[in-house]
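Data block below; observations after.
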Amino acid sequence: GNTPEPQGGGNQSGGVKVANDEPGKKVVIGFSAPAADHGWMAAITDAAKKEAGKYSDVELRVVEGTNDPNLQISQVETFINDKVDAIVLLPFDGAALTPVALKAMKAGITVINVDRQFDSPFAARSTVLGDNYGMGVSAGTYVCERLKDKPGSVVAEIAGIDSLPLTQDRSKGFAQALAGCGLKVGNRVAAEFTVESGERAAANLLQAAPKIDALWNHDDDQGVGVTAAIKNSGRSEFFMVGGAGSANVMREIKADNGPHKATVIYPSTQGADGIRLARLAVQNKSLGDLVEVEIPRQVQLYAPVVTKDNVDRYLPTAFES
Amino acid sequence: MVSSPARANALLSVQGLVKRFPGVTALGGVDFDVRAGEVHCLLGQNGAGKSTLIKVLSGAHRPDEGEIRWRGEVVEFGNPTAAMRSGVAAIYQELDLVAGLSVADNVFLGHELSTAGFSRRAEARRRTRALLDRLGHRDISPDRDVGRLSVAHQQVVSMARALSLDGQLLIMDEPSAVLDPDEVRVLFGVIRELTAQGVAVIYISHRLAEIREIGDRVTVLKDGRTVATGLPAREVKTSELISLMTGRVLDNVYPQRASLDPAAPEVLVVRGLADGDRFAGVDLTVRAGEVVGLAGLVGSGRSEILETVYGARKAAEGTVEVDGRRLRRGSVGAAVRAGMGLCPEERKSQGLLLDQAVYRNITVSSMSSFAKFGFLDDRAERVRSSQLTEALDVRPAGVDRLVRGLSGGNQQKVVLARWLLRECRVLLLDEPTRGVDVGARSEIYELVRQLADSGVAVVVVSSDVEEVLGLADRVLVVREGRVVHDGPADEIDESRVLDLVMEGQPA
Amino acid sequence: MSEDTAVPTQQRTPVAKESGISALLGSAAGRNTGLVVALVLLCIGGVVTAGDRFADIDNVLTILRLAAVIGVVSIGMTFVITGGGIDLSVGAIVALSSVWATTLATQGIANDTHWIVMVFTALLVGGACGLVNGALIAYGRVVAFIATLASLAAARGLAEIISNRKTQIVNVPGFAAFFDASVLGIPVLVVIFALVAVGGWVLLNRTTFGRRTFAVGGNPEAARLAGIDVRRHTVMLYSLLGLCCGLAAVMLIARTTTGSATHGGLYELDAIAAVVIGGTLLSGGRGTIAGTVFGVLIFTTLSNVFTLNNLSISAQAVAKGAIIVVAVLLQQRLARRSGA
Amino acid sequence: MSEDTAVPTQQRTPVAKESGISALLGSAAGRNTGLVVALVLLCIGGVVTAGDRFADIDNVLTILRLAAVIGVVSIGMTFVITGGGIDLSVGAIVALSSVWATTLATQGIANDTHWIVMVFTALLVGGACGLVNGALIAYGRVVAFIATLASLAAARGLAEIISNRKTQIVNVPGFAAFFDASVLGIPVLVVIFALVAVGGWVLLNRTTFGRRTFAVGGNPEAARLAGIDVRRHTVMLYSLLGLCCGLAAVMLIARTTTGSATHGGLYELDAIAAVVIGGTLLSGGRGTIAGTVFGVLIFTTLSNVFTLNNLSISAQAVAKGAIIVVAVLLQQRLARRSGA
Ligand SMILES: Nc1ncnc2c1ncn2[C@@H]1O[C@H](COP(=O)(O)OP(=O)(O)OP(=O)(O)O)[C@@H](O)[C@H]1O
Ligand SMILES: Nc1ncnc2c1ncn2[C@@H]1O[C@H](COP(=O)(O)OP(=O)(O)OP(=O)(O)O)[C@@H](O)[C@H]1O
Ligand SMILES: [Mg+2]
Ligand SMILES: [Mg+2]
């Protein structure tokens, strides 16, 4: 009876792997992430803190979130100076933080890389990845399923911050999945992961596309604004697929009273997983359900589609945006 | 100090007033009193503390010590509003108008005509119109942006503003400095009208002739102290006033002209200079050692001619040559490199770096002569500057002071020092003695003469016709942007110049 | 430069300025020819590239709705900049006001009484923040740039603490209904923007407060000597802007149905840009509400045209830079020619 | 205020100011007492809350390394602001320079020749951007705020287009080796920062260029009439800042081993804040390099102390705002007491 998702909430899995949760050697973990300028990112830090709070043998140091690689590097340097046992790092830019992560590894610190990948395999002991490309594919596949009988349908996309590689991966996955059923993205705008930017982008997009059949929005946090804009415009001819999987959107899917008919999960518990892995690695423990004696090099999380049919399964672990 | 009965009757009386600024005591004990209906003149050298006194009286500065009585009661004017409420209105030396606001807005700034917060604009415009008419300026529109008026017109607006306050005491800090004789006459008419109604006027000017004409009593300040008060303005001897002010005796104000060498080379040659309709066909030739004066009404375009010669404005037509080499149009850099220097009309906005040290203001145009490979020799700059400030008697001394803290006249000397340092070939002086006291004035005349004798070509613009005639070898009269007369200074007299200047003007 | 060439002694016919709407429109258009031309060019660009989709009435309303929120902030900013100040904390104040007005507690009271409680809360919070800014600057004599930079950090931090970094969704009946409605086909938000613009114009150009704002910004020393309490006036200017931010927060809550600590991101730059492109001097003493409105419209229309045309964000950025420069150059050339 | 009470006529001995290092340190500390005190208080706070972890030499070097990049930009910014300007595009110029210097093409040439090619590319791009800014402002007469806002958008857009919004990784041998090294235990980046600071100080305070900068910023019209080519000087100021941005880009490339269009985010605010908190007048005419260095150090030390102390992120923002205000008030009170 293991839960299908490793990220599936501490309490559930905690009950099973009693041996791993037993207090061990004290572990000091440094945690650094980009600025919590949108809900998902805030949820990442909150979940990590909550997870760390469950273990009496973990001391977590959380530093100010920042979108300046220069500052984030110096935060990691401070962790190195402090001789912490492990660092859980969600870098603003994976490549930019690689040298300092290498430095940390060389100093004997266990680095767990979360979400945005380093460009050197030696820079982290283990990597927890969401699947951005897979998210796009899941969303695209779902859209294809619903529109497969209607060739020539108009598909629109509201992306997140366009200059981030993760946004580009999501869009690529989405476009390729759509191509599989002969559809393509007709209109695309980018927002900035915030409610306000979502509203603004959606208002313009709805003008740009007089008729839409399906809309994929990369991020449920900005989705709150997108929904507001849709409501304002009084349009209802299309269905909407969300991204990231906030509790709000899942409740909407469950109630079936809004444009959202599905959302694709991008786990906001990756940071929490990072904390767990870091603790296990420092204490020389292994992942309970694996045969291996070491934790794996890389864990890639799945990006499932949540619909009315399966929403009850995901709602408990969804983040409140 | 005993308060005499006269004091008790006075509208305003001041005792033991002290005002200190960091590093300097501007007022070190001032006593005087002003009666209703009189014109009380304040005299004193540059930096004597006249403007500071005015600011204390009008609530703009708080005194450190001393007592001000208003109608016999001790008062404290904590801010300008308090003074205005009591009936004190002031025209400050440094015109304090807001560029960007209209004339009418400036006149009623701070005591706006309004109903429930909404401006009564038509009313304000009408009253401004009336005030300006009373000051003899039908030509200033109440809707005009004050920043676009000439300095003289701005001065008129300041006066309108002071009149609009309907005060019991009107304080004027060098109102005539930028006015031409005609306008001064109108001003005096207004002052007489006011005093006849019992309004008291404190009048500050460096022109002794004006004091004699309009003043009733005179108070002399020296180094922040009263050295004499209550002197009868019409009777007291000029020499006595000057020696009270300066502590020395001055006789001949204008220096002796050396006879001009007719073979001296033509240093500055201007041909057919024109700038749109502003001025046209200006020819001007100045030989080495010659001082050429430009006389004309305020607004006749003299400043603009000077600025165009200097390259600060781009000429539409015409050429400017220095020592036979033609200058690039509209380039100050070229003019300065060719050896030209300009003391601009508005020293505060055009001449000075107010928040920088005196020596930096002096060396700004000759930096390269103090620099090796671009690195400045600070010490040499200070030494040369102090030599100049001593020669010009800039007070207080000390070249590290910020220029902002200097009195108006001393600021003017700093600008002059800049071009003395540079050893120009051609020096253009726009109102060089505006706001400068008698003592310093004769020093400046002396300097100009010395410069000319050393071979510099000098052009002087001044609204003081007497000054132009006294100082210049040759006089040009400018009217509405044209040169209407060009001849030796000793072949023309003041009334003839005034005739030329006014010709065709409505009286 | 061609300046006006009247000889001073010659009687100059005073330019008769009629008051009333026609003057408002006339002078606004006159002094802002460059901006009007830029906006018209932009619209032509929109029609050419996006045709009916651009010229559509719904699209126009979309543009206006988008302009409304930042527009209200920009109008307040016009006052502060004209008065010689600057405020970097507007976005943060909008965020804090939006969060405070949508806490469970506030919403609870609003549900028990009336939704107007939320509006007052937002206005109060915004006004208070402005008051603090103004007091720091006028009485504490902290440079405006630094004081409001500090407020930016503090207000956003506070907004995050209060909201616990969650998006707060509004469930007060009546609130959304009121703000989503239309008056004669014009959305309430746009009506609010128009009212604020007209009110701002009257305040700046027709009242003592407005005259004093110009004076305080143009020459504070002269204003002081004229008996104006410059410091008190400064506090009032920042408080006014704070109120505008509070109002903008209400409008943003209505638009997004949420309050959030992320609201109002980079509003400071957007608002200042709109104000400055509109012709208000950054150094104070000159300001125009009409220009600000044009500035806001130019920026919103720009992003609308880009979106209609499906342009990439990077290309948008480059084009945006170019268009800003062209608009300003145009405005300058035309203003100079018209002798203003 | 204790003033000296010399009567004006009394001859005042001109204060002889010795030149040289002692004067530099003395006057810098003197005029910046408030900043020094603020920094010392911050350090005491650091030692009290984080003890040895703060006072550690490694930690000090960490602070300095962090300060180096933004420090170089801030020194350039000091010149522009002292000269009466402002530049909002610095972050975007850093990004564009970093991207241009790390394209495959540039790296290819660098690999074939020498890594210095990358350095020159970055400097060239930065300088060119500054030149464009300066020309727009000085000759095009576009307000600095708007011109550089436009450059901000354009340069970031261009950086994204060139990099195709990918992070570009540096693989040039020697480059990283050079910049990661230390000189006598001091990291090369810190050495560069120190050199730029000292060079900037000399340039601003000891050369004709610096003197002209003060003149141009203090009263451009007076500077022009004194024979200074104000427009050319303005162009030089912005170009200098552009060069500083190029250098900062090189340092950032070294620190992150990447070039990216996202580099330098919000550097404009950080740099302006450091400059202004250091005592340079935003309106121009007064500027101090030492103050800027203190300003940068205060901000970086602040975030280091926060990092060491595990504070809640939102509380950090609030504290940051409060500390900025306190530092400025302190600086003002002390400066006023010392009669400066
Ligand atoms: N704000 C100030 N800060 C420092 N010193 C000042 C300030 N204002 C005036 N002073 C000093 O006070 C003294 C008196 O100056 P004030 O302007 O009153 O002279 P004044 O008699 O009006 O001279 P002038 O005839 O040149 O106008 C001068 O030494 C001047 O340097
Ligand atoms: N920048 C300007 N814009 C508009 N009008 C101007 C400008 N500069 C000057 N004028 C006008 O041009 C006229 C001529 O001014 P100018 O200063 O050249 O005369 P002037 O003979 O030197 O008189 P003054 O004695 O006042 O210096 C003035 O009436 C002034 O109003
Ligand atoms: Mg005076
Ligand atoms: Mg003149």
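Using the three backbone atoms N, Cα and C, a Cβ is placed for every residue, glycine included.
Features of the protein shown, as given by TrEMBL:
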type     : residues  : note
TRANSMEM : C:33-51   : transmembrane segment
TRANSMEM : C:63-81   : transmembrane segment
TRANSMEM : C:88-109  : transmembrane segment
TRANSMEM : C:115-136 : transmembrane segment
TRANSMEM : C:143-163 : transmembrane segment
TRANSMEM : C:183-204 : transmembrane segment
TRANSMEM : C:235-254 : transmembrane segment
TRANSMEM : C:266-282 : transmembrane segment
TRANSMEM : C:289-307 : transmembrane segment
TRANSMEM : C:313-330 : transmembrane segment
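Contact count against the transmembrane segment (C:143-163) (Cβ pairs under 8 Å) is highest for C:88-109, out of C:88-109, C:115-136, C:183-204, C:235-254, C:266-282. Ranked by number of Cβ pairs under 8 Å to the transmembrane segment (C:289-307), the listed stretches C:63-81, C:115-136, C:235-254 are led by C:63-81.
Among residues of the same chain six or more beyond the transmembrane segment (C:313-330), those with a C-beta under 8 A of the stretch's C-beta atoms are 34-35, 37-38, 42, 273, 277, 298, 302-303, 306. Across C:63-81, C:235-254, C:266-282, the stretch most heavily in contact with the transmembrane segment (C:33-51), judged by Cβ pairs under 8 Å, is C:266-282.
Panel annotation: around the transmembrane segment (C:266-282), residues 31-32, 35, 70-71, 73-74, 77-78, 81-82, 86-91, 94, 152, 217, 248, 288, 290-296, 298-299, 324, 327-328, 331, 335 of the same chain, lying at least six beyond its termini, place a Cβ under 8 Å from a Cβ of the stretch.
Beyond its flanks by at least six residues, the transmembrane segment (C:88-109) meets 73, 76-77, 117-119, 121-123, 125-126, 129-130, 133, 145, 148-149, 151-156, 158-159, 162-163, 168-172, 241-242, 245-246, 248-250, 252-253, 258-268, 271 of its own chain at Cβ-Cβ distances under 8 Å.
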